[in-house]
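Visitor: Quick one: this structure, given as structure tokens, is what I'll be asking you about.
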Amino acid sequence: MRIFKSHRLLKLVNSYIIDSPQPTNLSYLWNFGSLLALCLGIQIVTGVTLAMHYSPSITDALYSIEHIMRDVNNGWLIRYLHANTASAFFFLVYLHMGRGIYYGSYQGSRSLTWNIGVVIFIVMIVTAFLGYVLPFGQMSLWGATVITNLLSAIPWINQDLVEFIWGGFSVNNATLNRFFSLHYLLPFILAALVLMHLIALHDTVGSSNPLGISGNYDRLPFAPYFLFKDLVTIFLFMLGLSIFVLFMPNALGDCENYVMANPMQTPAAIVPEWYLLPFYAILRSIPDKTLGVVAMLGAILILMALPYLDKSNIRGMQFKPLSKIAFYIFIANFLVLMILGAKHVEDPFIIFGQISTTLYFSYFIIITPLFSIFDNILFDIATKKK
């Protein structure tokens, strides 16, 4: 083990993975980081392998996917692993962010770590959208057309910007080549951002803990205690992922994407992947195109404002009954938005979408600041009595 503490590169591995001191009371909710790192590794390895056989052409893209599935050794396994790990990646990210909001992991000196995490989330969304277009089935073509057309809401440069991204007057070969290049590049940028996320976490105050207090008084090294704990959830995760990949690989996909792209025929409903549905529902809930785009972007970017909106002296919601209720309502509302994102734009879904969008923004803009002020008042009263 001496080389781990003397070698220039291995010393970093030692400080982050082996000797890194962690609070002793960390629960399994702090295991998402290792699972997300595993997902990113799987995505990069399977993605690079798929890229060796993929053809970014509007005429050959779908055929190259079928070639991978039928002719490449274990190509079906690599493709389904890539597709289902993407869903698992977002599922774990949502759990990771939800845990961060519940336990106040964005407060104080951890705000930089939180904001880098939000940037990672944005890059993930862009990467997922680009990957969704690559098979170039019906949903790929029309999804690319609809989402890129949102840029026409930008004043002055609207349609010119859209055509610049397309490389023509509609989605074509140039578009697919650009999307493929960016989809290949962004995971490596994502890996760099993950390293920045880790550096920001470990070079400040380290991991938070379920009690929301300083963990400096009682810590244990990461290995072997938390390393073994991470391995438990990694094995369980691989078991769950294997069930999806081997027994129901298309459960989270869209059958329309197995149909050759046809610019003359619009699908009955144009919907993104399930993990982007809440933001798609926010976009569609506002009739005005420009305001809808602003609301959709605001729904993501408002997460960056959370460290400045929550000024409570008590970190987390463990001992705040009202905040707990508000948080669970927020989670339920987020799931409702996910359901509404897959529905047709018609009554009563339009009204429900507008109500859910209002509740989503109200949680951050109204409820969180008010509850933090209320908590601080109660905290001051309690301390003065003592």
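Cβ atoms here come from the backbone N, Cα and C positions, even for glycine.
Dumping what Swiss-Prot says about this protein:
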type     : residues      : note
BINDING  : HIS82, HIS183 : heme b b562 binding site
BINDING  : HIS96, HIS197 : heme b b566 binding site
BINDING  : HIS202        : ubiquinone binding site
TRANSMEM : 32-52         : transmembrane segment
TRANSMEM : 76-98         : transmembrane segment
TRANSMEM : 113-133       : transmembrane segment
TRANSMEM : 179-199       : transmembrane segment
TRANSMEM : 226-246       : transmembrane segment
TRANSMEM : 290-310       : transmembrane segment
TRANSMEM : 322-342       : transmembrane segment
TRANSMEM : 349-369       : transmembrane segment
Visitor: So of all those binding-site residues, HIS82, HIS183, HIS202, which one's Cα sits nearest to HIS96 (heme b b566 binding site)?
Guide: HIS202
Visitor: Could you check the binding-site residues HIS197, HIS202 and say which one's CB has the most other CB atoms within 10 Å?
Guide: HIS197
Visitor: Tell me the Cβ contacts of HIS82 (heme b b562 binding site) under 8 Å, same chain only and six or more apart in sequence, or just say none.
Guide: ILE42, GLN43, THR46, GLY47, LEU50
Visitor: For the transmembrane segment (32-52), what are the same-chain contacts with Cβ under 8 Å, counting residues 6+ beyond its ends?
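Guide: Those are 68, 78-79, 81-82, 85-86, 88-89, 92-93, 95-96, 99, 180, 183-184, 187-188, 190-191, 194, 230, 233-234, 237, in sequence order.
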Visitor: In sequence order, what residues of the same chain, 6+ apart, have a Cβ less than 8 Å from the Cβ of HIS183 (heme b b562 binding site)?
Guide: GLY47, THR127, LEU130, GLY131, LEU134
Visitor: Is the transmembrane segment (290-310) packed against any residues at least 6 beyond its ends, judged by a Cβ distance under 8 Å, and which are they?
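Guide: Result: 97, 101, 104, 106-107, 111, 114-115, 118, 121-122, 125, 150, 153, 278-280, 282-284, 357, 360-361, 364-365, 368-369, 372.
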Visitor: Where, among 76-98, 113-133, 226-246, 322-342, do we find the most CB pairs under 8 A to the transmembrane segment (179-199)?
Guide: 113-133
Visitor: HIS96 (heme b b566 binding site) has how many other Cβ neighbours within 10 Å of its own Cβ?
Guide: 19
